[in-house]
Each structure stands twice: as structure tokens, then as C-alpha cells.
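Q: Encoded as C-alpha cells, here's the structure I'll be asking about.
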Ligand SMILES: Nc1ncnc2c1ncn2[C@@H]1O[C@H](COP(=O)(O)OP(=O)(O)OC[C@H]2O[C@@H]([n+]3cccc(C(=O)O)c3)[C@H](O)[C@@H]2O)[C@@H](O)[C@H]1O
Ligand SMILES: Nc1ncnc2c1ncn2[C@@H]1O[C@H](COP(=O)(O)OP(=O)(O)OP(=O)(O)O)[C@@H](O)[C@H]1O
Ligand SMILES: NC(=O)CC[C@H](N)C(=O)O
């Protein structure tokens with residue numbers, strides 16, 4: 001039997017486009033001799049559809065796609081994920097299902113049992129778990145068809161779940177497993193995914209055909225990495241990351257296929273770079289925007305965003321605005337200009353000093369007698385935000401936000417100032433990782449002027465200001481932030497692991513008291529297992545560690 005895995009990029013709610021793409025892939029698979037073509041979890045509607053699932057009309061449209069695909073299942077069977085209405089009143093309204101379409105009709109539907117409800121996942125909000133587990137008979141094979149998380153309770157060791165749908169399906173003695181997934185990207189997830197799937201194969205001694213989404217849905221990125229694992233638990237093929245792909249596998253050849261696990265390079269910076277480029281490109285593409293703009297300061301954060309945007313959208317579609325103030329050093333303007341020239345992006349120089357003085361004159365009678373401080377510093381960031389939004393309106397471009405994860409964590413950014421923008425590109429990349437990413441970008445020759453990478457970070461909002469005046473050194477700060485944000489460790493855990501107690505207290509307090517800022521931030525492209533945004537939910541009004 002020949003099985004085609006179709007690693008595709010669908011678009012949430014774009015039913016016509018999703019159907020058209022699946023019909024094209026089905027035809028291509030058929031021409032390549034496939035007996036079955038497999039599409040990812042919820043491929044009819046896109047993942048995650050979130051509260052669109054609460055609209056009957058949305059589900060009806062998904063059902064139309066299933067009916068159309070069933071008609072195309074002629075001489076080839078189609079496996080595809082789609083929501084199903086729950087016919088009984090009890091429980092949630094929907095199931096998250098794998099459809100097996102063959103001979104022009106729906107042959108079988110297997111619902112998902114384990115409904116991830118953590119981080120960016122919210123499946124139990126909408127779906128009822130399966131209560132029946134059946135295999136599919138097709139040609140001379142018996143197939144276990146499962147949806148993503150159903151393979152993540154291997155050996156019943158996942159404390160989230162009391163049931164194991166894999167065990168239940170195995171009672172029917174299948175010949176192999178087809179797994180349709182929506183497994184999002186984080187820089188360490190591809191390796192984890194392989195381990196979990198291999199553990200299943202080792203346990204059940206069956207080959208697995210695993211297909212994943214590729215592409216971006218707002219902030220959630222999918223790397224693909226669909227794979228085939230033979231009965232011995234060896235990965236005989238893994239599809240490319242960040243691109244659509246169709247490959248056909250013969251079940252007999254898979255049995256004897258060679259292990260390619262060791263050949264796969266998963267360099268963290270390559271993955272983050274490619275994920276962010278894809279994320280920007282698809283955010284713009286799926287919304288119908290072409291052009292981006294950003295404030296280019298001569299610092300490392302905006303430099304990184306400029307490079308990533310130019311690679312995602314083409315340098316002609318990225319406009320950089322240099323807005324020096326009385327506190328900007330000459331080298332900042334020169335470095336920014338040099339970068340824009342290296343990239344081939346249009347740049348404008350809009351000095352803000354005169355506007356700043358106008359504001360100060362305006363405010364002078366009201367601020368008279370008060371010491372200069374944060375209000376005056378933040379005014380500069382806000383003037384820049386205003387100018388950038390004027391460019392955005394005038395030229396129909398989306399403003400890219402340039403805050404990094406360390407700053408977003410501790411509230412080191414000005415509301416309605418440098419925190420403005422429609423998409424946060426590096427909001428899930430710690431400052432220390434920003435330096436690594438900049439060096440990665442320059443590995444084959446200088447793209448980002450070296451001075452931008454080597455000079456000490458500064459907001460340049462007052463004379464000779466350095467980030468280190470008000471923040472601990474980034475390597476120490478980032479280590480503590482990682483332990484708190486990603487690993488959910490307590491202050492005691494972090495201190496026992498070797499961190500300075502005062503730093504821990506200060507950093508964790510800053511993270512918590514600045515929750516209000518993150519509620520007003522653009523969506524953040526997610527590259528780690530815990531990004532600011534939909535997968536990290538905290539109350540603003542809280543007293544914990546603050
Ligand atoms: N819980 C809460 N809910 C809602 N609003 C709350 C609030 N707590 C304070 N606020 C309000 O927020 C205001 C303070 O926020 P905001 O005006 O943003 O200003 P603020 O956080 O006080 O200052 C911005 C910080 O970011 C630094 N910065 C600025 C610009 C660039 C960079 C950089 O290097 O990238 C760093 C700057 O040096 C300063 O430390 C207060 O005036 C208060 O009204
Ligand atoms: N002189 C400037 N010209 C243009 N944009 C600026 C300027 N200064 C700040 N910005 C914008 O505001 C953002 C915040 O920058 P700031 O210099 O305050 O600190 P930063 O977070 O270290 O960023 P960067 O490393 O990009 O300088 C910058 O990324 C940039 O988009
Ligand atoms: N859609 C899902 O069920 C995905 C959950 C799974 N643990 C993964 O990330 O691969």
C-alpha cells in the first residue's frame with residue numbers, strides 16, 4: 001500500500017482555499033500512485049480555530065468541505081481532520097475527528113480522546129472526548145487512525161490523562177498507525193515529538209505515519225516535520241521544516257527503511273530564524289498586507305526585526321524610520337543607516353528633537369516645579385510611536401514591534417511608545433538569544449553592522465543611559481526569567497539553583513507587576529514552549545511575588 005503524507009499550510013476559516021488545496025494535493029498523490037492521502041488535524045478549518053467553533057455556520061462549512069473531499073475520494077482514500085457535531089445533548093457540542101473518506105463517501109470517523117487544554121491549547125472548551133475506538137479496514141489493511149494528543153499518553157505515564165486511546169485501538173490488531181496532528185513549533189519541540197512518537201512505536205511495535213501542519217496562524221507557528229517511523233522505532237523519513245510537502249511511502253519499503261534520526265540537524269538559531277521569517281510572512285500574507293515598517297534605532301532589537309522582515313517580505317516591502325533625538329549617538333544613526341543599506345530597505349530620517357521641545361513647552365506650565373524623569377524620557381518613545389503610526393496609516397503598512405522577551409518580561413518598554421505595533425516579532429526571544437540570533441545572521445558575512453552587536457544595549461532616552469543602569473546583566477536576568485517563565489520554578493528553587501536572591505526577588509516582582517503591559521501588547525510569534533500571549537494567562541490584579 002502507498003500512503004501519501006500531505007504536510008500543508010491551511011488558513012483558519014478559509015474554507016474554499018483549504019478545499020482547493022486539499023483537492024490539488026489529493027490529485028497529485030493519486031498521480032504518484034498513493035492509495036491513501038493524509039491531511040493534518042482539523043485541516044478543513046485550520047488550527048486553532050478557537051471560538052469560531054461556536055458558530056454552527058462555521059461547522060456547516062467544514063462539513064461541506066468533507067462532502068466535497070468525499071466525492072474526490074475515488075481511486076484514493078483521504079484521511080483528514082475536521083470537527084463533528086455531537087448528536088447528543090449531553091457534553092460538549094463537538095468532537096475533534098479524523099475522517100476516513102473512500103469510494104465517494106465517509107467510510108469512518110474516529111474522534112479524538114485526549115483533548116489538550118494547556119498552554120495555547122483549549123480543546124476541552126469545545127470538544128467532547130471519544131467514547132468509542134474503532135479501526136479502519138481498507139484494501140487488505142487494518143488501520144488505527146488517531147489525532148495528535150491521543151499518542152501523548154504513552155505507557156499511561158501522562159498525569160493529565162486517565163485513559164489511553166492507543167491501548168484501546170490496539171485491541172483491534174491494526175497493521176499500522178496514521179496520526180494526524182496540529183503540533184506547534186517551539187525550538188525544542190521537534191526533538192520531543194520524535195521521542196514521544198518513537199516511544200509509541202516501541203510500545204506497540206507498529207509503524208506510524210505522522211502528518212503535521214506547517215505554517216502560521218497569527219502567533220502559533222507550525223514547523224511541519226511530518227514523519228514515518230518503521231516498526232523498529234526508526235525514523236525512516238522526516239519532512240522539511242517550514243515548507244509544504246507531499247511524499248508517498250510504500251508500506252513494505254517503510255518496513256525495511258534506514259534510520260535517518262542522526263542525520264537531522266536541529267540547530268536552535270536556524271529553527272528560530274526560519275520560524276520567525278515564516279511567521280512574519282504568513283501574518284502579512286494571510287491578512288492581505290504587503291508592507292511593513294519599523295523604527296530602526298541602531299540597536300540590536302530593531303536590527304534583528306529589520307533583517308527578519310526583509311527576508312520575510314522582501315527588502316522593497318520594509319521601510320525603516322530613523323528618529324534620532326538629542327540623546328542619540330552619531331554611531332546609532334550611522335549603524336542604522338548602514339543596516340538599511342545592507343538590506344536594501346528604504347529608510348527615512350525623522351529627527352524628533354523639535355517635536356520633543358514643542359511638547360515640553362506645552363507641558364511646562366503643568367510640569368513646572370517637578371523634577372525631570374520618566375515622563376520626559378517616555379515622551380520620546382511616544383513621539384516615535386506617533387510618527388510610526390502616521391507612516392503606517394499613510395502607506396498601508398503594518399508596524400512591527402521590536403520588544404524582546406526580556407524587556408517584555410520586566411516591563412522595560414513604554415506603553416503607547418516603543419510597545420506599539422501590530423505584530424511582535426522577537427517578543428519570545430530573550431535578549432541573550434537576540435545576540436545569538438544576530439551572530440547567526442552574520443555567520444556568512446556581515447549583514448548587521450558589527451558595532452550594533454558589540455555595543456552595550458541602551459534605550460538612549462537620557463544622556464549616556466545604559467540598560468545595565470536599571471536592569472541586571474542580561475545573562476543573569478535571562479537565566480532567572482527562563483526558570484520562572486518557562487519552568488515555573490519558585491523563587492526558592494531559583495535561588496537554590498544558584499541565582500542571586502536579590503536579583504530573583506527583583507526580577508520576579510517586575511514580571512508580575514508588569515502583566516498590565518503585556519495585556520496591551522501585539523501578538524507575539526511563539527518560538528519557545530512558553531511565550532507571552534494566548535498560552536500564558538495571568539491576572540493583572542494579583543499580589544503573588546509582587
Ligand atoms: N497595573 C496597572 N494597570 C494599568 N496601568 C498601570 C498599572 N500600573 C501602572 N500603570 C500605568 O502605567 C504607567 C507606566 O507605564 P509606562 O508609561 O509605559 O512607563 P514606565 O513603565 O513607568 O516606564 C517605561 C520603562 O521602560 C523603559 N524603557 C522605555 C522605552 C524603551 C526601553 C528599551 O530599552 O527598549 C526601555 C524606561 O526606561 C522605563 O523604565 C503609569 O503611569 C500608570 O498609569
Ligand atoms: N532613534 C531611534 N530611531 C528609530 N527608532 C527608535 C529610535 N530609538 C528607539 N526606537 C524604536 O524604539 C524601540 C525601543 O528602542 P530602544 O533604543 O529604546 O531600546 P531597545 O529595546 O534596546 O531596542 P534596540 O535594540 O532596537 O535599540 C527600538 O527597537 C526602535 O524600534
Ligand atoms: N493538537 C494537539 O493535540 C497537539 C498536542 C501535542 N502534545 C503536541 O504538541 O504535539
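The count begins at 1 with the first shown residue.
Positions of Cβ are set from backbone N, Cα and C atoms, glycine also.
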Q: Can you match one of 407, 476, 486 to the deamido-NAD(+) site that TrEMBL gives for 378, 517?
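A: Among the candidates, TrEMBL records only 407 at this deamido-NAD(+) site.
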Q: Quick check on the annotation: TrEMBL has 295, 296, 297, 298, 299, 300, 301, 302 binding ATP, so which of 402, 414, 432 does it put in that site too?
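A: ATP site check in TrEMBL: besides 295, 296, 297, 298, 299, 300, 301, 302, the record includes 402 out of 402, 414, 432.
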Q: Indicate the candidate from 295, 299 with the smallest number of other Cβ atoms within 10 Å of its Cβ, considering only these binding-site residues.
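A: Selected from the binding-site residues 295, 299 on minimum Cβ neighbours within 10 Å: 299.
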Q: Relative to the Cα of residue 41 (active site, proton acceptor), which of the recorded positions 148, 183, 295, 297, 402 have a Cα no more than 10 Å away?
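A: Near residue 41 (active site, proton acceptor), where near means Cα within 10 Å, the recorded positions are 148, 183.
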Q: In angstrom units, rounded to an integer, how far apart are the Cα atoms of residue 118 (L-glutamine binding site) and residue 297 (ATP binding site)?
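A: Just about 37 Å between their Cα atoms.
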Q: Mind computing the max CA-CA distance among 295, 296, 297, 298, 299, 300, 301, 302, 402, which the record assigns to ATP binding, rounded to whole Å?
A: 12
Q: Check residue 378 (deamido-NAD(+) binding site) against DSSP and tell me helix, strand or coil, would you?
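A: Where residue 378 (deamido-NAD(+) binding site) sits, the three-state DSSP reduction gives helix.
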